[in-house]
Amino acid sequence: MKNTELEQLINEKLNSAAISDYAPNGLQVEGKETVQKIVTGVTASQALLDEAVRLGADAVIVHHGYFWKGESPVIRGMKRNRLKTLLANDINLYGWHLPLDAHPELGNNAQLAALLGITVMGEIEPLVPWGELTMPVPGLELASWIEARLGRKPLWCGDTGPEVVQRVAWCTGGGQSFIDSAARFGVDAFITGEVSEQTIHSAREQGLHFYAAGHHATERGGIRALSEWLNENTDLDVTFIDIPNPA
């Protein structure tokens, strides 16, 4: 498949044109024209690029790519090394950010809901779905369930939350700023990847459970699901590689 055809295929699947983002979605660094072997991962880190070189990949597809708004345009240090690896080995780099958060099937939010057994009921606002657990559970039990499913112990604040949790809202990655919207909407718990100092005060003062389950851990699902979709619907050879990250 041509590199531009792959870009078009995924753009159409994720409906990228309909979503305003703060990073370019699609082909970010051009490599060889023909793509057959692909490595995927959450972030285009040097470790992931090194794995792509080792495996002889023609392309790398990630959720967190390069060239973010506000990023310095200077190419030196870490950025230079990453780009050098891609260009020297003629490897294409693709990134899909918010489109891979929002997709109702392959998206990070949809995948996290499926992993945790949450029935999606609707959206509080874009990128912030809400839903219900199959049965109400105590806050500590939900923390243990999240740890078992994600392989990472979440930071949990349940100081003033209800005795049991059933109605939840979530936003994968760095979605902690949405906790106030979730509280106003009326949920028992809010799940995201990261935590800020003020997030804990918001949880305590608005009476809901809060779980920070890891930016990386909550966003493995989307890129893994996209990898599986490509393997099932094309003749491409796609390998998802999880580079460990406790954050």
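FYI, residue positions are counted from 1 along the chain as it appears here.
Backbone N, Cα and C define each Cβ position, glycine as well.
Per Swiss-Prot, the feature divalent metal cation 1 binding site maps to His63, Asp101, Glu219; the stated evidence is experimental evidence. Within the same chain, residues at least 6 positions away in sequence whose Cβ sits under 8 Å from that of Glu219 (divalent metal cation 1 binding site) are Val42, His63, Asp101, Asn108, Thr172, Gly173, Gly193.
Here Swiss-Prot flags His64, His215, Glu219 as divalent metal cation 2 binding site.
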>> Around the C-beta of His215 (divalent metal cation 2 binding site), how many further C-beta atoms are within 10 angstroms, looking at every protein chain?
In response: 21
>> For Glu219 (divalent metal cation 1 binding site), which of the three DSSP-derived states applies: helix, strand, or coil?
In response: coil
>> Using a 10 Å radius around its CB, how many other CB atoms surround His64 (divalent metal cation 2 binding site)?
In response: 20
> In the same chain, which residues outside the set His64, His215, Glu219 have their CB within 8 A of the centroid of the CB atoms that define the divalent metal cation 2 site?
Replying inline: Val42, Thr43, His63, Thr172, Gly173, Gly174, Gly193, His216, Thr218
> Using the Cβ centroid of His63, Asp101, Glu219 as the reference point for the divalent metal cation 1 site, which residues of the same chain not in that list have Cβ within 8 Å?
Replying inline: Val42, His64, His97, Leu100, Gly107, Asn108, Thr172, Gly173, Gly222, Ile223
>> At a 10 Å cut-off from the C-beta of Asp101 (divalent metal cation 1 binding site), count the other C-beta atoms across all protein chains.
In response: 24
